[in-house]
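Have a look at the structure below before the remarks.
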């Protein structure tokens, strides 16, 4: 099995299964001299865990400590420029909850596809196709964020849920997201209707139901000129990064699919945010707005009631999408340093 690597310059290799001994990442390409912020690493892992800011009633009941162990690549609080390995150990797996899906895969899940493709797979907790795989992405993204803060301090990445099930942010609510503490909302749905969304998800969880939704990522003050002009456009690498996350179903940049309905005189002479901060595959330095849709989670009916599952992945996916964004930014920043002499 291959394809567990991501990146061209800032390269990560992730490993581990949901109910295995540990999950981890090897990072190769992070320059020496970056201040290693262990507090940031722990904070981002905590944000990915179930139960952030009182969200415990609307997410999986699995409680892992996710305490990171840095095995290499850091000394005296700074990166060495050598391969960096970080792991977290699994401590709260309940493999018996998954005995039923060993021979009866969940509808729409990767369970049977992995088994059919490879002939042998780990069904416990979904194995490597589990959402728990994203722990490795968040650890890697934390290091990428450290590097970007070292070279581009003003850059910010803000993720939030813009739609969960039938509930959608208004344009006015969306315009205010950068002023809000997204994590203070149970469902990371920055609206006065956040409790309604939480109630919707709690009801779904109690009834063995699930919901899909949409997450948005806003990149403020990105470095200009990131992205290669043909096969590694910034937008194409961001799309690949997002669509590699489990349960994703669609991707949009800027005006997205709405651009198909707009006349050229409106699109090109209107607000610049229609481009989403990227033109010709290269960042302009303006804010970048990205949107990704998620299908309803596959653990439904009796499987959902017996196990510990999320009724909607969007809430938990926000830190993961932010991490993938930082990875793409770090990768393209290092790449941009070789664009010209």
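Cβ atoms are placed via backbone N, Cα and C, with glycine included.
Annotation comment: Swiss-Prot describes 45-64 (among others) as region 'Disordered'.
Under 8 Å, Cβ to Cβ, and six or more positions away along its own chain, residue 48 (NADP(+) binding site) finds 66, 134, 135, 138, 316, 319, 320. What Swiss-Prot records for 48 is NADP(+) binding site, and it gives sequence analysis as the kind of evidence.
What Swiss-Prot records for 109-134 (among others) is region 'Disordered'.
Marked as FMN binding site by Swiss-Prot: 128, 129, 130, 280, 295, 296, 297, 298, 299, 308. The Cβ neighbour count for residue 297 (FMN binding site), using a 10 Å radius and every protein chain shown, is 26.
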- Query: Do you know which of the binding-site residues 128, 295 has the most other C-beta atoms within 10 angstroms of its C-beta?
  - Reply: 128
- Residues that sit under 8 angstroms from residue 130 (FMN binding site) by C-beta distance, when 6+ apart in the chain: 17, 18, 246
